[in-house]
Amino acid sequence: MAAPRSCVLWSYCGHGWSRLAGDCRLPGFRRSWLGATLSARSLSQEKRAAETHFGFETVSEKEKGGKVYQVFQSVARKYDLMNDMMSLGIHRAWKDLLIRKMHPLPGTQLLDVAGGTGDIAFRFLSYVQTQHERKQRRQLRTRQNLSWEEIARKYQSKEDPLGGSLVMVCDINREMLKVGKQKALARGHTAGLAWVLGDAEELPFDDDRFDVYTIAFGIRNVTHIDRALQEAHRVLKPGGRFLCLEFSQVNDPLISRLYDLYSFQVIPVIGEVIAGDWKSYQYLVESIRKFPNQEEFKDMIEDAGFQKVTYESLTSGIVAIHSGFKL
């Protein structure tokens, strides 16, 4: 999610390899010593260039960032419950598939952007821990000459259960991160996990830092999607992988009509009943319809420098997983 640059306050905890963001200008704002000599026509053109959409509403780029921030601040506490209610739980299967496609091995360094409540991060940690345990068992089986005492000591040793894996959860919204941290404590996730307040359009990390970049149901809320994609490319190591799970375009006419009916007539009502917030869920539905289709988004990913870009549509195209590599 993007917000006005003037609202961004970088924060970091857990490791010392990130950098703080410096002063930023507002998106679309241009200083000029010509000042008053700018013509009315050029001012009008600049104003149009700085316009974007907030759902079906046309707003300034500066205004969109603040509006999106307020949406997720409002829904943070009920965000996970609403995901279950709106998707009838299917979002869990989509996220599980994203992790299986990633197939992270022990030692993988993951950046999960717009991942505030931790759904992707927790799945990643569970997956790599399972992979690490399997690796350990294979190693023990190949060392037939170990005594039972040596085997017991190895299992009881306090080595990293994740095999050196790390997931950084980066989100621009403090409330979403707060919910994620509370969930992590409740589930006992402490090792290999850190939380960062940051903007997808200007990530507070060094170049060539991560093995994998994920963003699930977040990139459509970014003001400048192209900038977020360029940042994803920058922070990935050579050979690193970009994975995006996002709502997309339904490819069946009948299902599309039913989906529209459910989206516009049912989801805002659920939002009002469960979260007491009709408008936020009306925006979320509208933002899905404004997002590029599968092929258009694939082109945007390629324009950012990624190669071998592919996508897989799920549930008749309601969502899609896009994948690309930094080569």
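Cβ atoms here come from the backbone N, Cα and C positions, even for glycine.
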- Of T58, T108, T117, T310, the one that Swiss-Prot places in the same S-adenosyl-L-methionine site as D171, D199, A200 is T117
- Maximum Cα-Cα separation (Å), residues T117, D171, D199, A200 listed as binding S-adenosyl-L-methionine: 16
- Surrounding CB atoms that lie within 10 Å of the CB of T117 (S-adenosyl-L-methionine binding site), all protein chains: 25
